[in-house]
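Annotated features, as they stand in TrEMBL:
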- B:14-145: domain 'Methylamine utilisation protein MauE' (DOMAIN)
- B:12-34: transmembrane segment (TRANSMEM)
- B:55-77: transmembrane segment (TRANSMEM)
- B:83-104: transmembrane segment (TRANSMEM)
Amino acid sequence: MPRRPTPAVRRGGPSTLTVAAVVVLVLFAGAVGFGVYRAGARDGALPAGATAEGVTVGDPGAPATIDLYLDFQCPACAQYEQRTAATIDQLVASGQAEVVYHPVAYLNRFSSTRYSSRSSAAAGCAADAGVLPRFAQLLYAHQPPEGGSGLPDDQLVALGTQAGAGADFGACVQDGRYADWSRSVTDAASQAGVNATPTVIVNGREVDHTAEALRTAVTTG
Amino acid sequence: MPLVTTSRPAALLPWLGTAGRLLLGGVWLAAGASKITDLDASVRAVRAYRLLPETAAQVVGAGLPLVELLLGVLLVAGAGVRAAAVVSAVLMLGFVVGIASAWARGLRIDCGCFGSGGELAAGQDPTYGIELARDAALLVLALLLARWPTGRFSLDGLTARHVTKEPS
């Protein structure tokens, strides 16, 4: 005679309804996450001279293009800036290279106030005012420690003013005018395959983080 | 599992099930909580593997944190454990394949398992070996739970006792 399934097996097995409920819940949870993500995607205003990927500084006809992917919360970016700022300034001033700043917000988890995003949006304001390179240097000189609360907006405004930005800069930072732009810059960098900051690319090729490597890559094309 | 055949370990089995549930559920809760506050970073982490087309990467990256939290709640509460364990195993298998593939292709990324956005910090090297070992262990745990989903302190157990009165 065929034996009935043992009670233990029956009790351990879930009903079809349970399985269906769990699967539906999982799919629903995924859909909610995706919906929230897409609902936040907006095309905001672009700063002066900027694209959705970054801000170009220097002669657009220059033979070399330097793509700088940086995060104002990233200590290695601050060190890179210290080592190469003079070289970059000189390459731009002499017309040998244009620089595309990509102020990405990768490191929001290292501050309690999303400093990466706020400083990145403020960089858009600085681009409007035409003082981005100087503003970037000041941000690095005053870089807040990882795991802190970042620089407050007031201090971002003060540094912008110090860099030479006009009266509109304060409102631009306080309103978060370029928050959406910051998000698009960050997303574009991610889609371009940039997984670390700083990432330095000259004419499409990644270069080492030294001033010599940068100069060599620019001059040899 | 030979434990079932002897009587004393058999008494231990429900507690093992509970421990496994809490461990796997706890990992899901930690992973989901670390990602849910920054869906952008979660999408970047999926993109960094360069395995999925853009829209799929967005669906997985943005959808995963809430799914992880849900699985964590189900497992810790002990509700729908077998189904949750099977879904967990499928996800873990996906993670193992993804990490192994990133390793094999020589990518330099963080697994993004706990909300890093897939980005390595400067001077940080990938830790694919540890990530693979951890996810493989969790995959085994999920499979064990799918096979033996019963345990103490579970909603499943409560409802099962009410619905079917069976001798134990």
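Note that Cβ sites are derived from N, Cα and C of the backbone, with glycine treated the same way.
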For this session: Residue list, the transmembrane segment (B:83-104) vs rest of chain: Cβ under 8 Å, 6 or more residues beyond ends.
Result: 24, 28, 48-49, 51, 67, 71, 74-75, 111, 113, 126, 128, 131-132, 135-136, 138-139, 142-143, 145-146, 149
Exercise. Could you give the number of helix, strand and coil residues in the domain 'Methylamine utilisation protein MauE' (B:14-145) as assigned by DSSP?
Worked result: 99 helix, 0 strand, 33 coil
